[in-house]
Amino acid sequence: MVAIAYEDIVKAPKALLHDHLDGGLRPATIIELAAEVGHPLPETTADQLAGWFVSACDSGSLERYIATFEHTVAVMQTESALRRVATECALDLADDGVVYAEVRFAPEQHLNRGLTLEQVVEAVLAGFADGSERAAAAGRPIRIGTLLTAMRHAARSQEIAELAVRFRDTGVVGFDIAGAEAGFPPTRHLDAFEYLQRENFHFTIHAGEAFGLPSIWQAIQWCGADRLGHGVRIVDDVTGGVLGRLAAYVRDKRIPLELCPSSNVQTGAAPSIAEHPIGLLRDLRFRVTVNTDNRLMSGTSMSREMALLVEAFGYGWAEMQWFTINAMKSAFIPFDERLAIINEVIKPAYAKLL
Ligand SMILES: [Zn+2]
């Protein structure tokens, strides 16, 4: 196999379904915004701060990993800060060759300085629009769909689900719940999921990351999730290549797995990239997608995640195209728009590479 150059991975179109807005800020932006609001940071230069996030998140604990968000969320409490962070997110993803991204955030975490839930959503959507416009002008078009997240330990999921539906025609394409999994099963939020199903809306659920099969089973069979945020622990239901009933259901129904290799290694959900279950799940042809989760905390990007997999598993352009088309097929935007990106953007680009 011919080795793939990193610059070529950057140029190839990629699709991203699982990326947190508050996990992808530029370190220099955090420093500037923190100075404006007087928020103390653990480091003072952009490089040091970038290193601090990655090492704090390398602890192997999902709880400690989540604790680092205190610093990003603290600087995302005004309309201008939210709009700037969203603009830069769109620009950074487009620069990395991402042509379609679903970026998620929890509006309820941005109310500390008096914004309403609606103002938070409007500011982020405006930022994505600005960033997408600038990226297109620079010859790097990107389409961004927004997911609204509710925190699984809180009690606002119904309200956030209704908020997501209110913004469905202006950029919000889905709903999610996130936060520490242990002790907070998705069935706590059943009302919200049932409401979303009645509204014919789409949602994904963080499940099967730190916690195993019961969480995945609840997310799918009780809550009706369209996709699994992570879902990596579905491998616990695969023994010697033989699928248990839940794993078989997930594969048969083509339920997308939003796998996040680097993030999983940091939180201890996988021992290393080379030992990450993505290799097995791909061989078994689950609907596998590759994602960044939190670019800042993992010091990563879509291109870097692909490059790590190319290195660990010997993947080439065929596998990268497969992951990319899987993600695009699993997106929450309308079918005709997904098809247009697959046929007009992704396939022609990979045809030149294959
Ligand atoms: Zn996540």
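Cβ coordinates come from backbone N, Cα and C, glycine included.
Note that TrEMBL annotation is computational and uncurated.
Among D293, D336, only D293 appears in TrEMBL as part of the Zn(2+) site alongside H18, H20, H206. Neighbours of G179 (substrate binding site), defined as other CB atoms within 10 A of its CB across all chains, total 16. Across the domain 'Adenosine deaminase' (13-347), the model assigns an average pLDDT of 95.
Taking H18 (Zn(2+) binding site) as the reference point, the recorded positions whose C-alpha atoms are within 10 Å of its C-alpha, out of G179, E209, H230, are H230. For the binding-site residues given as H20, H206, the lowest number of other CB atoms within 10 Å of the residue's CB is seen at H20. Those residues of the chain, other than H20, D22, G179, with a C-beta within 8 angstroms of the mean position of the substrate site C-beta atoms are L21, G23, I66, F69, V73, R104, F105, A106, Q109, T149, A178, N294. D293 (Zn(2+) binding site) has H230 nearby among the recorded positions G179, E209, H230, counting only those with a Cα within 10 angstroms of its own Cα.
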